[in-house]
Structures are given as C-alpha cells and as structure tokens.
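Enquirer: Got a structure for you, questions after.
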Amino acid sequence: MTTFIDGKAVALRVRAQVAAEVATLSRKPGLATILVGDDPASAVYVAGKRKAVREAGMRDLHRYLPATVSQGQVAAVLDELAADPGCDGILLQLPLPAHLDPGALIDRIPAGKDVDGLTTHSAGLLARGENGLRPCTPSGVIELLASEGVKMRGAHAVVVGRSSLVGHPMAEMLLHHDATVSVAHKHTTDLAALTRTADILVVAAGVPHLIGAEHVKPGAAVIDVGIHRTPHGLTGDVRTTELRGIAAQVTPVPGGVGPMTIAMLMANTLRAARR
Ligand SMILES: NC(=O)C1=CN([C@@H]2O[C@H](COP(=O)(O)OP(=O)(O)OC[C@H]3O[C@@H](n4cnc5c(N)ncnc54)[C@H](OP(=O)(O)O)[C@@H]3O)[C@@H](O)[C@H]2O)C=CC1
Ligand SMILES: Nc1nc(=O)c2c([nH]1)NC[C@@H]1CN(c3ccc(C(=O)N[C@@H](CCC(=O)O)C(=O)O)cc3)C=[N+]21
C-alpha cells in the first residue's frame, strides 16, 4: 500500500493555526514579498504567497520591481523594508535577473525578518543547530514527514540536490532529527545505488522524472520537491506512478511540498512578528 501524502490538507491545517494566532495579536504581522522582473513561474508563486498572507489576516507589503532595476535600487528597497517597524518579514523571490547578485541582496535582510531563512546568518544558525528562522521548503518537508509519522531518528535519509534554497538545509534539518544523511548531486557516481538504500528519499534536483522505481527501496518515504511546468500541467522530479506498491509514502505534484512551502512561510512570518 502506498499512501499519497496530502500536502494541501496539512498546509491548510498549518495556515488555519497561524490565522487563529494572528487574530489574537494586537498588531497585524506584515510580510513583504519582492518580485523582480516578469518570470511567469515566479509570478505564480508570489501570487500564492500574497493570497496566503491575506487569508492569514496579515498585511501584504508586496513590491514589484522591473527586470531592469539596478543592484543599488533593490538594495534601497530592502533597506527601507528592513527599517520599517510594520514589516515583520522580507522575502526576495528567486531567481533574480542575471545582472543582480542574489547573495549580497539577501544578506541585507535583517536576521529577525529573514522569513525565507536564506541569509548567511540564518544558514549559520541552522548549521550550529541554534534557534533561528529556517528555509520554508525543507521545514515543510519535515512537517509532512512528522504528520505522516515517518520515523526520522536512525533512518537513512538521502537528499538529491544541495542548493542553499532546498537540498543543503534539508540535509541539515534531517541530521538535526537524528537521521543518517547522504547528499547526492551531479557528481554522485551511482545515484540509483545510493537512493536504493534510503528509508527517506527527498528529491530536489530540478530534473523532470529523474527518479523512478529503480531508485527506490520498498517501504521508503519519497518526497518530491521538484516542480516543472509542462504543456500537460505540473510535474515533479519523481515518476510517482511507478512507485505505487513500492514506496510506503509519496508526495504528489501538485498538492505535495509546494503548498507546505507557503504554509511554513506564514508560520515563519508569525514567529518573526512575535519576536
Ligand atoms: N515545491 C517547492 O516549494 C519548491 C520547489 N522547488 C523545485 O525544486 C527543484 C530544485 O530546486 P533548487 O534546489 O532551487 O534547484 P538548483 O538547480 O539550485 O539545485 C539542483 C540540485 O540538484 C542537483 N542535481 C541536478 N541534477 C542532478 C542529477 N542528475 N543527479 C543528482 N543531482 C542532481 C544539483 O547538483 P550540483 O550541485 O552538482 O549542480 C543541485 O545541487 C526545482 O524543480 C525547483 O523548481 C524549489 C523550491 C521550492
Ligand atoms: N526566495 C524564494 N523563496 C522560495 O520559497 C522560492 C523561491 N524563492 N523561488 C522559487 C521556489 C519555488 N517555490 C514554490 C512555492 C509554492 C509552490 C506551490 O504552491 N505549488 C503548488 C502549485 C502552484 C502552481 O504552480 O500552480 C503545488 O505544488 O501544489 C511551488 C513552489 C518557492 N520558491
């Protein structure tokens, strides 16, 4: 039996809880999403985040900047939001146009407002296992595993991908939950041999349909982070239908990790506002 994990349902639960707590606050938390340029996928994601902000009873402090904006102009917007006491969280949507330096811009976000968990400061707190704001997508994956009762302690977790947005923080968080963690990337020599040893397999490679039946140990939990827009709709990095009867749990795309990313962003914004 293979369970399809309903990320949308778990996400709605998290968001309802955040909204209930927001309703008790004397001041509404404010989240600033910053969208630079006209990448259509980014526009969809930011629209989803803004809708969640409104539904949580928070203030939407969205900023749009044209693709031609300079590094200095983006920095000025970030500095203004950093100084604004009504702004509790700042999210700079990635990817940025190629002439901008994302690392330098992200690091202008004060640690207390870093609801995306992507600054050098937040990454350092995660590496040291200290309290801080954590990246939303890997937090959402941990939440999904916990909600399904998947045991992390002592499990062999394999993370495919090592980006600072997903794979790397994912591996660190699984390590903090006492999993034994392996991280695969483009130079991994035999991907299938490694992934077949995984009790928990998190795939964030950005390669459509990379992972199939030949990569999965019977009884494993398989989490598909990948998102790709095709003429036939959204698809992930995992050939999910092949895993029926093999994996114990799999996440669908859409309706798996994506909605959790947005839910954890709401949770992080509430946390940032409380501090
Ligand atoms: N559902 C959600 O909420 C989110 C979904 N995503 C999606 O997740 C995917 C990954 O995103 P992101 O981490 O930003 O992507 P990146 O392109 O930044 O990173 C991809 C990682 O996968 C590794 N990789 C690529 N090809 C292979 C391969 N054939 N075998 C093993 N490893 C490989 C790369 O290795 P190397 O380091 O060697 O180059 C790299 O570390 C994308 O599809 C993205 O759209 C992203 C964020 C949130
Ligand atoms: N600074 C930054 N922070 C991010 O968190 C960030 C980012 N940049 N860049 C791009 C990725 C991608 N991402 C997603 C968010 C929601 C869905 C989501 O809601 N997906 C729905 C489908 C929505 C749809 O696309 O129609 C689902 O999977 O069911 C997906 C992906 C956040 N990212």
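Cβ coordinates are placed from backbone N, Cα and C, and glycine is handled just like the others.
Residues or ranges marked as domain 'Tetrahydrofolate dehydrogenase/cyclohydrolase catalytic' in TrEMBL: 5-116. Here TrEMBL flags 135-274 as domain 'Tetrahydrofolate dehydrogenase/cyclohydrolase NAD(P)-binding'. What TrEMBL records for Gly161, Arg162, Ser163, Ile227 is NADP(+) binding site.
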Enquirer: Quick check on the binding-site residues: of Gly161, Arg162, whose CB has the lowest count of neighbouring CB atoms inside 10 Å?
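Expert: Result for the binding-site residues Gly161, Arg162: minimum number of other Cβ atoms within 10 Å at Arg162.
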Enquirer: Over the domain 'Tetrahydrofolate dehydrogenase/cyclohydrolase catalytic' (5-116), work out the mean pLDDT and round it to an integer.
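Expert: Mean pLDDT, the domain 'Tetrahydrofolate dehydrogenase/cyclohydrolase catalytic' (5-116): 98.
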Enquirer: On the Cα atoms of Gly161, Arg162, Ser163, Ile227, which are listed as binding NADP(+), what is the maximum pairwise distance in Å?
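Expert: Of all Cα pairs among the recorded NADP(+) binders, the widest measures 16 Å.
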Enquirer: Starting from each candidate's C-beta and looking 10 angstroms out, tell me which of the binding-site residues Ser163, Ile227 has the most other C-beta atoms.
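Expert: Going through Ser163, Ile227 one by one, the largest Cβ count within 10 Å is at Ile227.
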Enquirer: Where the criterion is a Cβ under 6 Å from an atom of ligand 2, which of the binding-site residues Gly161, Arg162, Ser163 meet it?
Expert: none
Enquirer: Could you tell me how many residues in the domain 'Tetrahydrofolate dehydrogenase/cyclohydrolase catalytic' (5-116) are helical, how many are strand and how many are coil under DSSP?
Expert: 53 helix, 16 strand, 43 coil
